[in-house]
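J.: The structure that follows is given in the form of structure tokens.
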Amino acid sequence: MSEHFDVYGGARLEGEVEVVGAKNSVLKLMAAALLAEGTTTITNCPEILDVPLMADVLRSVGCEVDLQGDTVRITTPAELSYRADTPAMGKLRASVCVLGPLVGRLKRAVVALPGGDAIGSRPLDMHQNGLRKLGATTEIAHGCVVAEAEGLHGAQIWLDFPSVGATENILMAAVLAKGTTVIDNAAREPEIVDLCRMLQQMGAQIEGAGTSTLTVHGVDELRPTTHRVVGDRIVGATWGFAAAITRGDVTVRGVDPHHLDLVLEKLRLAGADVTTFDNGFRVVQPDRPKAVDFVTLPYPGFATDLQPFAVALSAISEGTAMITENVYEARFRFIDEMKRLGADARTDGHHAVVRGVERLSSAPVWASDIRAGAGLVLAGLVADGVTEVWDVFHIDRGYPHFVENLNRLGARVERITTSPDRG
Ligand code: UD1
């Protein structure tokens, strides 16, 4: 069976949408449950494909995992397997986050190389260098990261780049190391803060969460906890862009608007009226958006995950926008799909120049990753005719109830299932 979305152009999104926990947090929190024997409960989980995949990864090392609606219960046994090489590992990037906890707890791990979005080169050198500093040996062998240590000890670690995944893996190994670890140039994303909070509730001693220096005082053991996942700022921002692109009026609940300060400022510059409240924000776009430049950077910079939406917005804005991609070089592949929809764009290395056009025109397009897929759907909402978006399994990996939410906001998007013989 193959699935695509038919996206009917001419929509104006209006209404309220609720955002649940962040994909890029819940998967790491699930991995953190490996650090403590007993049952850890995680609430506000998104119903997306990656959560059951991560559950399979945890089961493969010996955990029991129970998924009920928005709650995941993980029971971690005293005896864990150090080998995480189930096929589920290859289907998502976050699977590599079991490396740190397994090395931290067992001093040994064999972890299949992760999969995930094809958005450019995604090496693991910083993860491995961090583990080496903590006293482990590590190599890539037979498609797996292999790591082993007699014991882990605290260390001073400087990251070349504030990598989200490397910060998480090193942090989760360091919480059970002997002595103090300092991670400098650490990632500051809200999802890292969320992980630090959960680890702290489990008994870890971490200072500096949300800053670029994380100090971890190792402890002998951690205890299970109950934790609510932070709201998904990327999904929240997607709805903000959807409002701006369709000249709509959308209220987003369930996300801390401070996690989107820069994004909301960009939407204001594009001409939107943006108001914020405790756990959300409202974007009203009265007129055609104005072109705004975007530069992707680690948090608190403009997230690379939001770059496709910046391109989609620029494609229909008045004026010319320059978009600079500093994190994942292959993300501009999305622009080729946007050109099928009539976008006037060209790329040169890290830069894309997008000249806004009045109208996009529908075409069949292919999602290459989660955010590119969602970006194509938003572009389809303002293209003449019906845009077919293919390979929508990418979107299902990151957006819970995407089609239902779009239709509730006034769009017309249909999920079409085709059997292979009907092509
Ligand atoms: C996470 C997010 C992803 C987001 C990205 C950047 C998850 C599951 N995914 O991915 O949605 O786009 O952060 O915000 O949370 N790098 C190295 N060596 C390493 C590690 C990373 O060179 O050892 C490079 C990468 O190639 C990339 C940059 O560092 O250019 C950022 O990667 P990183 O922050 O690690 O991204 P992920 O954690 O994989």
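Any Cβ shown, glycine's included, is placed from N, Cα and C.
Feature annotation from TrEMBL assigns active site, proton donor to Asp117. The feature phosphoenolpyruvate binding site is assigned by TrEMBL to Lys23, Asn24. Residues or ranges marked as UDP-N-acetyl-alpha-D-glucosamine binding site in TrEMBL: Arg93, Asp305, Val327. Taken from TrEMBL, the feature domain 'Enolpyruvate transferase' applies to 8-406.
In the displayed structure, how are the listed features positioned relative to their neighbours?
T.: Taken residue by residue with DSSP, Asn24 (phosphoenolpyruvate binding site) is part of a helix. Sequence-distant contacts of Asn24 (phosphoenolpyruvate binding site), defined by Cβ-Cβ distance under 8 angstroms and a gap of at least six in the same chain, are Ala94, Val164, Glu189, Glu191, Asp232, Ile234.
Of all Cβ atoms in the protein chains displayed, 17 besides its own lie within 10 Å of the Cβ of Arg93 (UDP-N-acetyl-alpha-D-glucosamine binding site).
In this model, the domain 'Enolpyruvate transferase' (8-406) carries an average pLDDT of 96.
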J.: Just the number: how many Å between the Cα atoms of Lys23 (phosphoenolpyruvate binding site) and Arg93 (UDP-N-acetyl-alpha-D-glucosamine binding site)?
T.: 11
J.: Since the record lists Asp305, Val327 as binding-site residues, which of them has the fewest other Cβ atoms within 10 Å of its Cβ?
T.: Val327
J.: When a 10 Å sphere is centred on the Cβ of Lys23 (phosphoenolpyruvate binding site), how many other Cβ atoms does it contain?
T.: 28
J.: List, in residue order, those binding-site residues out of Lys23, Asp305, Val327 with a Cβ under 6 Å from any atom belonging to ligand 1.
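T.: With ligand 1 as the reference and 6 Å as the Cβ limit, the list reads Asp305, Val327.
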